[in-house]
Amino acid sequence: MSSWNEAWDRGKQMVGEPLAKMTAAAASATGAAPPQQMQEEGNENPMQMHSNKVLQVMEQTWIGKCRKRWLLAILANMGFMISFGIRCNFGAAKTHMYKNYTDPYGKVHMHEFNWTIDELSVMESSYFYGYLVTQIPAGFLAAKFPPNKLFGFGIGVGAFLNILLPYGFKVKSDYLVAFIQITQGLVQGVCYPAMHGVWRYWAPPMERSKLATTAFTGSYAGAVLGLPLSAFLVSYVSWAAPFYLYGVCGVIWAILWFCVTFEKPAFHPTISQEEKIFIEDAIGHVSNTHPTIRSIPWKAIVTSKPVWAIIVANFARSWTFYLLLQNQLTYMKEALGMKIADSGLLAAIPHLVMGCVVLMGGQLADYLRSNKILSTTAVRKIFNCGGFGGEAAFMLIVAYTTSDTTAIMALIAAVGMSGFAISGFNVNHLDIAPRYAAILMGFSNGIGTLAGLTCPFVTEAFTAHSKHGWTSVFLLASLIHFTGVTFYAVYASGELQEWAEPKEEEEWSNKELVNKTGINGTGYGAAETTFTQLPAGVDSSYQAQAAPAPGTNPFASAWDEHGSSGVVENPHYQQW
């Protein structure tokens, strides 16, 4: 732990000076008043001070006026957009790596590399080996540590690694490229589970679909922007341009994310009391204790039919999503005879339609639930099975039509219909087990990632010798979705599972530890230790509630990471 703290302190010192210049420029541009001195002279923390300045400047813009839970959703949307845009870079760049090509200006370019399409497919899919490995561990980490920091770490480091990828290509080292891809997958594998961990504290039950789908729509918006932008940059600038652009954007986003997001409403220094009370009252008692490896009901999770319904649905959706993300431009080039520069924008339309459907579906799903028109279980099943059923049907049309126009229209309709399913399986974890939502997301997304691993090889096997192999590719995608529809319709549930809450003795044991020592047993700060229920026979003198110290500077306290022994008095205290 000491080595981690030393590394963290060194990191603060390294970023302190450039962050100071950035915040000074922002303050000058907005006319913000200089903040109060955050710490005593001689004990200054550069990163804390300048992050507080950034937060104060942001509070004078639209960010300060935005409800904090929706600010989280919007920034998360941008983060997912960058993350999934990064995944489009390789697919666009590889089309110029293994054969000669003519750019839009008529100039013929000789390919720079001697790799075959098979070798490039292996390097591209290596991302998913890393992505798969961190799924279940990421779910546990997101339940154990502040999930907002974990999410920012995944996007920021993944973006930085994207900047390094062109170097691996230029030195013509397939091992280095594969290593960077695997490492990218490792760090970005934490993002989905971490975001589910964030919504555990920030999403009121009747807003779960809206908030979660707003955030996750970034995944599909990432493809909407990433496919045409990557194709444009590869065609008009260079094959390395998309890697650099997305890498820089991701690093900038990560800095903003760390400055303005917090683990819980109680930790946020500038959230309105109205919003804070609304969220906490709606969610109810959220345990301050966090699961340990021994306390997680692994057997119940693995044997739960509703959990497996989510997993099967996740795999089905992942199969088609990665199929299109990795091969849509290739399909349009080989099967439909389109140029890469021309097909980029057209390839984005299905994902654009899906993004719109996801947002509308989230609003409609929560409307049906909040007005008690349908039960949560009914909403999840109808949206998931309707979306997947429509996608499977249109995929059959794509597989067997001989008209290019019909194929494109059916592909747009298929991907668009799948948007309804996001209000089904993709938020279902929060319904059945909010305490373990991050872990369930890691579990289901990990198995779903197998689709990303196997899809490139299956597609290559079908299409290696003839463009007619694309019929088999889309037929298989349709059958996988019909399987997902059937399984989810039979076994899915929207009700809280009996194993989803901790046992009373585990809950009380951790609460008593917090009360007596003032230190959260999870290893990071938590101040709002309000105990509303006590086990029978326990003296009421154990009931306690930590209160903020009077006069606490909310900006300074929000970044205070050096807790002292004894009761934590700072309501915004958070420690990694």
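Including glycine, each Cβ sits where the backbone N, Cα and C put it.
Marked as topological domain 'Cytoplasmic' by Swiss-Prot: 1-69 (among others).
Residues or ranges marked as region 'Disordered' by Swiss-Prot: 25-46.
Annotation comment: Swiss-Prot describes 36-46 as compositional bias 'Polar residues'.
Annotation comment: Swiss-Prot describes 70-90 (among others) as transmembrane segment.
Under the heading topological domain 'Extracellular', Swiss-Prot lists 91-121 (among others), citing sequence analysis as support.
Swiss-Prot lists N100 (among others) with the feature N-linked glycosylation site, giving sequence analysis as the kind of evidence.
Under the three-state DSSP scheme, N114 (N-linked glycosylation site) falls in the coil class. According to Swiss-Prot, the N-linked glycosylation site annotation covers N114 (among others).
Feature annotation from Swiss-Prot assigns transmembrane segment to 122-142 (among others).
Per Swiss-Prot, the feature topological domain 'Cytoplasmic' maps to 143-150 (among others); the stated evidence is sequence analysis.
The transmembrane segment annotation in Swiss-Prot covers 151-171 (among others).
What Swiss-Prot lists as transmembrane segment is 175-195 (among others).
Among the features that Swiss-Prot reports, topological domain 'Cytoplasmic' is placed at 196-213 (among others). Cβ atoms under 8 Å from those of the topological domain 'Cytoplasmic' (196-213) belong to residues 68-70, 72-73, 76, 139, 142-143, 147-148, 150-151, 263-265, 278-279, 282-283, 286, 358-359, 361-363, 365-366, 369-370, 422-423, 426-427, 429-431, 434-435, 437-438, 440-441 of the same chain, restricted to positions at least 6 beyond its ends.
Within the chain, the transmembrane segment (214-234) has long-range Cβ neighbours (under 8 A, six or more residues past its boundaries) at 70, 72-74, 76-89, 91-93, 95-96, 195, 199, 241-242, 245-246, 324-325, 328-329, 340-341, 343-345, 347-348, 351-352, 354-355, 358-359, 362, 419, 422, 426. Residues or ranges marked as transmembrane segment by Swiss-Prot: 214-234 (among others).
Taken from Swiss-Prot, the feature topological domain 'Extracellular' applies to 235-239 (among others), supported by sequence analysis.
Positions annotated as transmembrane segment by Swiss-Prot: 240-260 (among others).
Per Swiss-Prot, the feature topological domain 'Cytoplasmic' maps to 261-305 (among others); the stated evidence is sequence analysis.
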Same-chain residues at least 6 beyond the ends of the topological domain 'Extracellular' (326-344) whose Cβ lies under 8 Å from its Cβ atoms: 87, 91-92, 95, 101, 104, 124, 227-232, 234-236, 404, 407-408, 452, 455-456, 459, 463, 467, 470, 473
Arithmetic mean of per-residue pLDDT over the topological domain 'Cytoplasmic' (143-150): 87
Same-chain residue ranges lying at least 6 outside the topological domain 'Cytoplasmic' (366-381) that approach it to Cβ under 8 Å: 206-210, 423-425, 427-428, 431, 488-489, 492-495
Which same-chain residues, if any, lie at least 6 apart from N114 (N-linked glycosylation site) yet have Cβ under 8 Å of it: K172
Other parts of the chain folded back onto the transmembrane segment (122-142), taken as Cβ under 8 Å at six or more residues beyond its ends: 87, 90-91, 94, 115, 150, 174, 177-178, 181-190, 192-194, 196-197, 291, 293, 296, 322, 326, 436, 438-443, 445-446, 449-450, 452-453, 456-457
Folded-back contacts onto the transmembrane segment (306-325), same chain, C-beta under 8 angstroms, at least six residues removed: 84, 87-88, 91, 128, 223, 347, 350-351, 384, 388, 391, 395, 414-415, 418, 421, 424-426, 428-429, 432, 440, 443-445, 447-452, 455, 459, 473, 477, 480-481, 483-484, 487-488, 490-493, 497
